[in-house]
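Data first, discussion second: the structure below is written as C-alpha cells.
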Amino acid sequence: MKEYKDTLNLNETTFSMKGNLSVNEPKTYAKWQEQQAFKRMQNRKDNHGDFTLHDGPPYANGHLHLGHALNKILKDIVIKREYFKGKKIYYTPGWDCHGLPIEQQILEQLEKEKTSLENPTLFREKCRDHAKKFLEIQKNEFLQLGVLGDFEDPYKTMDFKFEASIYRALVGVAKKGLLKERHKPIYWSYACESALAEAEVEYKMKKSPSIFVAFDLKKEGLEKLKVKKASLVIWTTTPWTLYANVAIALKKDAVYALTQKGYLVAKALHEKLAALGVVDNAITHEFNSNDLEYLVATNPLNQRDSLVVLGDHVSLEDGTGAVHTAPGHGEEDYYLGLKYHLEVLMSVDEKGCYDEGIIHNQLLDKSYLGEHIFKAQKRIIEQLGDSLLLEREIEHSYPHCWRTHKPVIYRATTQWFILMDEPFIQNDGSQKTLREVALDAIEKVEFVPSSGKNRLKTMIENRPDWCLSRQRKWGVPLAFFIDKRTNKPCFESEVLEHVANLFEEKGCDVWWEYNIKDLLPPSYQDNAKHYEKVMHILDVWFDSGSTFKAVLEDYHGEKGQSPSDVVLEGSDQHRGWFQSSLLIGCVLNNQAPFKKVITHGFIVDEKGEKMSKSKGNVVSLDNLLKKHGSDVVRLWVAFNDYQNDLRVSQTFFIQTEQHYKKFRNTLKFLLANFSDMDLKNLERPHDFSPLDHFILEALETISAGVNSAFEEHDLVKGLNILMAFVTNELSGIYLDACKDSLYCDSKNNEKRQAIQMVLLAVASQLCYFLAPILTHTIEEVLEHSQVLRAFLQAKDVFDLKGISVLEKLHLKEFKKPENFEAVLALRSAFNEELDRLKKEGVVKNSLECAIEVKEKALCENLVEELLMVSFVGVAKEKLSETPAFTLFKAPFYKCPRCWRFKSELENTPCKRCEEVLKER
C-alpha cells in the first residue's frame, strides 16, 4: 500500500519540547545584558505613562535563599507586566549595607585571627569590604533568576552620596523638631550591646520564673487603713528588676480585698489567687484603690520605699492587680513615673550585668556586682525569704533580639528618638503629630492584600517613639555636635549642611577620622572647644527607610517618581521597612512615599514549618535552579498564593514542572502548525468558521479574566484561568477538531489558513500573559518563529504588547455558532458511548463512526468536526442507540491518507485528499 505520510502537513518547529532551561537560560540572559534589555524597558515610547517600583533593600550579607528569590521574582513579574502594558519602567535594585550582622561577622573574623581592631576607621573599612563582597555575590545570584533592573547602577546605602542623603533625611527630622535626646527605657540587646528599635524585636517563647511577692505597708499606711497588718502582693516574671522597684501600681476605682492573713490584692482576682495558694480565702476588709494611693510599702529585697500609685495599664484579668513598677526597666513604668515623679533606677550595664549603681544606691549586696541579671535571679528569689508567697516556672511570649535571637531587656539609657506625638507644622500651616500624619497617609495607600492596611494602622497607633541611636560603629553616625555650654545639640543649618557635604565627598568615616574643628565650617571653628561629638550611629531601619529620598528624590526623577507606584516586600515589613519609610516620608513630605503596598508570605517546608539548617529542611535555591531552571521557579512563585506562606518541597516543584510542560508543549504545537504560513496572508481578512469564532470568543473572554486578575496582582487566579483555557477549550476541543484540516488540507486551503490565524492569535495572547513570568521561554518562542514575530511585529520578547484579537484578525464581532452548547453536550454523551464501544472492541476510534443526531437543528459540519466522526447521517450497520443519537458504522472506506472513512474505494484517497495530492 502506498505511503502517504510525506504528503501530510506534519510541520516541525525548532522550538524544542525539552527546554533544557538550566543550560539555555544563562545564554538568553547574557544576550539580554549585551543588548541592554533593561534600558529598552526604561525607554519605551508607547506613551502609556511611567511605572516606578521602589526596591526594599536586602541585606548585603550571606548568599540568597528561596525567600529572596520569591521577593525578587514577584517584583520582576510586576514590572514586566507594567512594561508589556506599554509603560516606561523605573526599578533600581539596592542593598542595605550597614548594621550589626556585618559587624558581628567582622568581630568573629578578628577573634579567629586573634587580633583586635580598636581603630574605628579600619574596622569600618573591613565592614565595607565585607558588604561589597556579598553585594556582588547576591547580585550575580539575582541575575540567575531572570530578573531585570538597573543592576549596572544599583543603590548601596554605604555609598558616600547615599550616606549624605541618609544624614540629610535625619537633618530634616531634626528641623521639624521631632528629633530629641531622652533618658528612658528602651529595648536593649545585651548580646549586641546596643539599643534596639521595635522593628528589631521578635517574640518567641521563653521560660521565666513567675513569683508572687508581699510588700508590707509601712506604719502610716496601716494606721490610715485601721488595720494591724497589710501587704500588697505583686506578681512578676522579671525578679531581676525588683532591685529597681520604686512603686506599686493599682487599678483606678477598683476594689481591693484584705485577707485574714493580711494580704492585699484586687478583689476581682482574689478567688483565683486563693486557688493558687498565693493568699488565704477569708476576706476581712475591702478598700477602694483611690484610698490606697500614696501609701508606702517596703521592698523586701532592699528595704527601700515603694510608693502606691494608680495606673491605667493595670489589668484585673491576671496577676494580682498590684503591679511592680520600676521606671528604669519598663516603658509603662517610665511614663507612670513621670506622672508621679518617681526615681529612675537603672544599674545594669550594656552586657546585662549589675553595675556599681547597686552599691552606690544600696540596691543590692555588692556580691551581685558584675553578675548577669538572668543568672542572679535564683539568688534574688532566695533573698526574698518569707515575702516570697509562690514561685513557679512559666513559658510565655518574650521579646528577643532579631539578630542574635537572645532575650532583650528594657533598660533606661540616654538615646535619640523620633517623637510620635509631638505636633509639627504641616504644609497648610496646621499642626499635627507624626502619628496623626502617618495614620492619615495610610488611608491614601492601596494595600494588597487589603488586610495589610489595618495591620499597619494598628502598629502606628500603638508604636512608641522611634529609638534611632545605636551603640555600634558600622553605620551612618548621628552626626551632631553637643554644645557643652548648654548641653543642647547644635542644629544650625550651616553646620549640618557642611557635615553633609563632607559625607558626600569623603564618606561618613570622617566623623571618626577628623577632629571637631575640621568637621565644622570655618565660621564655627573658633568655638570647636565648646562642642563634643555624638558618637552613636543610626538605626539601619532609618537607612533603608530613607531610600525613597536617596533613590527617587535626589536623582530628580531619573530613577523614578516619588511617591513610587508600588513597594513589594514580605509581610514582616509592616513593622519594618514599610513603617520606617512611611514615618520618614510623613516627616519630610507629609505623605507616604508609596501609592501601593503589596506583601507576600514566607517560605516554609511542606509541613508548614519554618526552614532552618538545624531542622535540615532547607531547600537550596542553587540546586532548584540547576535542576529545574529559573522559569520553573518563577512559575512556582506565580502559581502559589504568595499572599500566604508558600510551602515548598520537591513535590511542589515537580507539579510546577508539569504546568510548565503543558504551556511549553501547547506553544510548540501552535508554532509548528503555523510555521508554513505565507507572511502575505497575515494582513488580509479570513473566512473564519463557527468553530474558529467559538475559540476566538473564548480567548477574548479569558483574556479579560486574566487581565483583571493580574491587575489585582492575583497571579494564581490569572494562571488558573489561562491553564483551564489551554486544557479545556483549546486542547480539549479546538485543537483536536482542527488537526484534520491542519494536517490534511492543502496549504492554500482557506479553512486551514483561517485556523492558522486563530492559532497565531492564541499564541500571541499566551506569550503576552506568560512573558512577565516565563520571560526566557517566551523569548525562545519568538526566536524560533518568524511567523509569530511578523504577526506581532516583534523582534524579541521586549517588543511584545497586548493585541486586540478582533482588530488583529479584521473582525467586527465574534459570531458564536448556533446551538453550540447543545453540540458540546452531544459531544460529551457521544464520548461516553464511544468509550463503551471501544472497551467492547466494536470500534477503535471515532472516525469509524457515523452519527444520526435526533436534534435536527444542530449544524452537521460542526457535529462532524467536534465529534470527529466520518459521516453525519444514517448508515446501514447500526452500532448503538441512545435518546440523543444513533451510531452507525461509517458507510465508506478508510482513506489511507487522512484516515477518515470517506473513500468510495478501498485503499484509495478520499476526494479531499485526491485534490490535495494533485496540487503537490
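Residue 1 is the first one shown; counting continues down the chain.
Glycine is no exception: its Cβ is also placed from the backbone N, Cα and C atoms.
The L-isoleucyl-5'-AMP binding site annotation in Swiss-Prot covers Glu569 and rests on sequence analysis. Per Swiss-Prot, the feature ATP binding site maps to Lys613. As annotated by Swiss-Prot, Zn(2+) binding site applies to Cys895, Cys898, Cys910, Cys913. Annotation comment: Swiss-Prot describes 58-68 as motif ''HIGH' region'. Here Swiss-Prot flags 610-614 as motif ''KMSKS' region'.
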Across the motif ''HIGH' region' (58-68), what is the average pLDDT of the model, as a whole number? 89
Secondary structure content of the motif ''HIGH' region' (58-68), with strand meaning DSSP E or B: 3 helix, 1 strand, 7 coil
With the Zn(2+) site defined by Cys895, Cys898, Cys910, Cys913, which remaining residues of that chain have Cβ atoms positioned within 8 Å of the Cβ centroid? Cys744, Pro896, Arg897, Trp899, Arg900, Lys902, Ser903, Pro909, Lys911, Arg912, Glu914
Which of the binding-site residues Cys895, Cys898, Cys910, Cys913 has its Cα nearest to the Cα of Glu569 (L-isoleucyl-5'-AMP binding site)? Cys898
For Cys913 (Zn(2+) binding site), the number of neighbouring Cβ atoms whose distance to its own Cβ is within 10 Å equals 23
So, three-state DSSP: helix, strand or coil for Cys913 (Zn(2+) binding site)? helix
For Cys895 (Zn(2+) binding site), what is the secondary structure by DSSP, using just helix, strand and coil? coil
In the chain carrying Cys895 (Zn(2+) binding site), residues 6 or more apart in sequence that have Cβ under 8 angstroms from it: Phe901, Lys902, Ser903, Thr908, Pro909, Cys910, Cys913
Excluding its own, the Cβ atoms lying within 10 Å of the Cβ of Cys898 (Zn(2+) binding site) add up to 23
Reduced to three states, what secondary structure does DSSP give Glu569 (L-isoleucyl-5'-AMP binding site)? strand
For Cys910 (Zn(2+) binding site), the number of neighbouring Cβ atoms whose distance to its own Cβ is within 10 Å equals 24
